[in-house]
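Worksheet for the structure shown next.
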Amino acid sequence: MASKRKAAAMNAAAAEEPVDPSDELMFLCLGGGNEVGRSCHIIQYKGKTVMLDAGQHPAYDGLAALPFYDDFDLSTVDVLLISHFHIDHAASLPYVLAKTNFRGRVFMTHPTKAIYKWLIQDSVRVGNTSSNPTTQPVYTEQDHLNTFPQIEAIDYHTTHTISSIRITPYPAGHVLGAAMFLIEIAGLNIFFTGDYSREQDRHLVSAEVPKGVKIDVLITESTYGIASHVPRLEREQALMKSITSILNRGGRVLMPVFALGRAQELLLILDEYWGKHADFQKYPIYYASNLARKCMLIYQTYVGAMNDNIKRLFRERMAEAEASGDGAGKGGPWDFKYIRSLKNLDRFDDVGGCVMLASPGMLQNGVSRELLERWAPSEKNGVIITGYSVEGTMAKQIMQEPDQIQAVMSRSMAGARRMPGGDGEKVLIPRRCSVQEYSFAAHVDGVENREFIEEVQAPVVILVHGEQHNMMRLKSKLLSLNANKTAKVKVYSPRNCEELRIPFKADKIAKVVGKLACIQPPQSIHPDQTATPPLVTGVLVQNDFKLSLMAPEDLREYAGLNTTTITCKQRLTLSAAGVDLVKWALEGTFGNIEELPEMRRAKNGQNGHADKMITDGDDESKQEDADEEVASLVAAYLVMGCVSVRYRTNGEVELEWEGNMLNDGIADSVMAVLFSVESSPAAVKRSSAKHSHSHDLPEVNPHHSATPEERLERLLWFLEAQFGQDNVAPVTTPKLPPLEDVDDKNKNEGEDEDAMKTDEDGEDAQLQERQQKEIERLHKIGIPVPGVSIKVDKMSATVWLEDLEVESSHKVFADRVRAVVERAIEVTAPLWG
């Protein structure tokens, strides 16, 4: 018994339909795919290209740190969006603008642009984030300064349209100025989170979900996979406990941080704690960064972009400063009481305990690496990692608590020793300091990320910015949630340079504007009513992926287009067809045609000189035709309301119409009718006239008494024309009918065996006798030869002329021969009497 088909099986055919490439979203990771670092993603849809971020990998040097820009033509990029100023998201932007064929526009928020200028300039001076002195920088400081004016700054919650691409930035909560971007291309909404945080901290606004917008594709980070953060209060308490314990044992605390971002949050925490605990105020807190002073100025400038806590603190301190008569207004939320800025280590008196926040956060080079190599040999000191550590960096390595670390900034310091093996370049330093980690990285954890994805409710999720094992765990978790959903969420985690294509089919809706919008739509029609809704025609205009239907006269107002009317004319001459025949042919094809009022001559007698055959030889009529120099209009018709047909006395027909797609097709059809009006059988029959001739014709058709040989000759001619002269030959041996009464041979079963056998010579004689009788029989009925043999290549067929049976071992060839023979019989019939 047949089983019932499932709905999924019935919809399989529709799902397998080919997809138009223009309806596919192409996503390509040039960096940040199954890794953290050098984030760079490409989005292509409907011929538009958006590039997301342009970072460098902190663990690599030179060109190896760049995204795989050679795998994509950057000249096709329309818009480049930078989510925030961190090295792994923005550091290769000067290279893109100065060293590639990129011709698009670059956007970032105002705080990001302000910080980006100083951050990249400092990174170039330090060595372009390279710990290898032999590596050449990928761009210079001058490249950065020259390309900086190309960057355009935008505000949160403002929508901008560039090349039909709509972008809207939203707060991301990661660092000051960090943005999530809503990108709309042809009605497809793509939401890119960048690095984002949903945690309420001391100075940043947490990430928000766009309200009232249906997101089709969500591109989100997966830095921590499904791991969960310790609650914020517990982390702060544990951090301060570790710092105070190191200070109490007489050590120094090194906290490697990015120059901007989490460092400011940690400074707020430390300054608040020091203010509440006077016994620790004797230990100085340093913020060591070349950008320290400039960074604080930027943070003081963009207080309005921070959360309510900072704004409240700013108002309180400004009020206190005003009450105390401080006209300079010093006392804002970023004017710390217990923290000192340290531009470089030359002014640092390394005596006694202290807390040092130093950049860069990955400990690859710079002040943080120099202090690590200086303080690592002492067990009193401690290193506290507060941010995310990228694979391959010293920050990631030291978390494994190795016994030794490689010296980069201080190769000749005391206590260092060279590696065995004679490698003079690598110098090792013993590590005895403590190492602890407390995450203040401002990235969402697994729970927050999953809740955010569920809140967005996008049918397609693309995971980026995460190590492979973390990303795969998050992907598996998201896919497991599909079990309880009717609409399954598609989750992708592409690798670098792995092209991802996702089909998106959307209904195309046109907005009716102008005069056409005044037409009332048809009311609901009951099944018993047969009213036909009115037909609306207009011009369909596409602008920025939006379709509008309007009347041609509204193009200037609603589309900004000027219209031009093109009048087309075509002339042809008919030698035999007159106006009556032309009108009859047009009416037969197009129905009723309209007669134009410009006709100058009466309809009677306007048959045209070419329509009537000159049979009387009247010299006077011939003279009138010869004297007529200017052809006058005989008739004028309007076909299908758009094509004018004018017939003149000299047989010239002129077609005139307004050029457009519909009218051009009708005009082509009219010309096809006119070109065939003189030769079509219907037209010939229409214009024919009855007549009689007095010729003396023989009463008997000369072909009536053709002999069988003549008919055979005609048949052979026809077959030779089809198959070739050498491939057709008569068959002289007839096809014998089956023997009757075959049992007569066995009527004397009791006779001797020798009597039952027939001599071989006797059989041949009997066969020849039967063949001769068959040939005589065929001759009597008028068949000269039994059959015809036809050979083409390795195929052969025999046609028996009595019943026109075709014998061949090739069925297709036999069918072909049978069709040709039947046609030959029709031509030469009757063959045989």
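Heads up, the Cβ atoms here are built off N, Cα and C, so glycines get one too.
Look at Swiss-Prot and you will find HIS84, HIS86, HIS174, ASP195 tagged as Zn(2+) 1 binding site. Taking a C-beta cut-off of under 8 Å and a sequence gap of six or more, HIS174 (Zn(2+) 1 binding site) has these contacts in its own chain: SER83, HIS84, GLY194, ASP195, TYR196, SER197, LEU204, ALA207, GLY261, ALA442, HIS443.
Residues or ranges marked as Zn(2+) 2 binding site in Swiss-Prot: ASP88, HIS89, ASP195, HIS465. The secondary structure of ASP195 (Zn(2+) 1 binding site), as reduced to three states from DSSP, is coil rather than helix or strand.
Marked as active site, proton donor by Swiss-Prot: HIS443.
The annotation region 'Disordered' is assigned in Swiss-Prot to 600-624 (among others).
The annotation region 'Disordered' is assigned in Swiss-Prot to 685-707 (among others).
The compositional bias 'Basic and acidic residues' annotation in Swiss-Prot covers 694-707 (among others).
The annotation region 'Disordered' is assigned in Swiss-Prot to 728-767 (among others).
Per Swiss-Prot, the feature compositional bias 'Basic and acidic residues' maps to 744-759 (among others).
HIS86 (Zn(2+) 1 binding site) and HIS465 (Zn(2+) 2 binding site) have their C-alpha atoms 13 Å apart, to the nearest angstrom. Apart from ASP88, HIS89, ASP195, HIS465, the residues listed for Zn(2+) 2, the same chain places the Cβ atoms of GLY32, VAL36, GLY37, SER39, ASP53, GLY55, SER83, HIS84, HIS86, GLY194, GLU221 within 8 Å of the centroid of those Cβ atoms. Note: ASP88 (Zn(2+) 2 binding site) has non-local neighbours GLY32, VAL36, GLY37, ARG38, SER39, GLY55, GLN56, HIS57, PRO58, VAL390, i.e. same-chain residues 6+ apart with C-beta under 8 A of its own C-beta.
Under the DSSP three-state reduction, HIS465 (Zn(2+) 2 binding site) is assigned to coil, being neither helix nor strand. Of all the recorded positions listed here (HIS89, HIS443, HIS465), it is HIS443 whose C-beta has the fewest other C-beta atoms within 10 angstroms. Note on ASP195 (Zn(2+) 1 binding site): other Cβ atoms within 10 Å of its Cβ, all shown chains, come to 29. One way to see the shell of the Zn(2+) 1 site is to take the Cβ centroid of HIS84, HIS86, HIS174, ASP195; the remaining same-chain residues with a Cβ within 8 Å of it are SER83, PHE85, HIS89, ALA172, VAL175, ALA178, GLY194, TYR196, GLY261, ALA442.
Of all Cβ atoms in the shown protein chains, 27 besides its own fall within 10 Å of the Cβ of HIS84 (Zn(2+) 1 binding site). Every protein chain shown contributes to the tally, and the Cβ of HIS86 (Zn(2+) 1 binding site) ends up with 28 other Cβ atoms within 10 Å.
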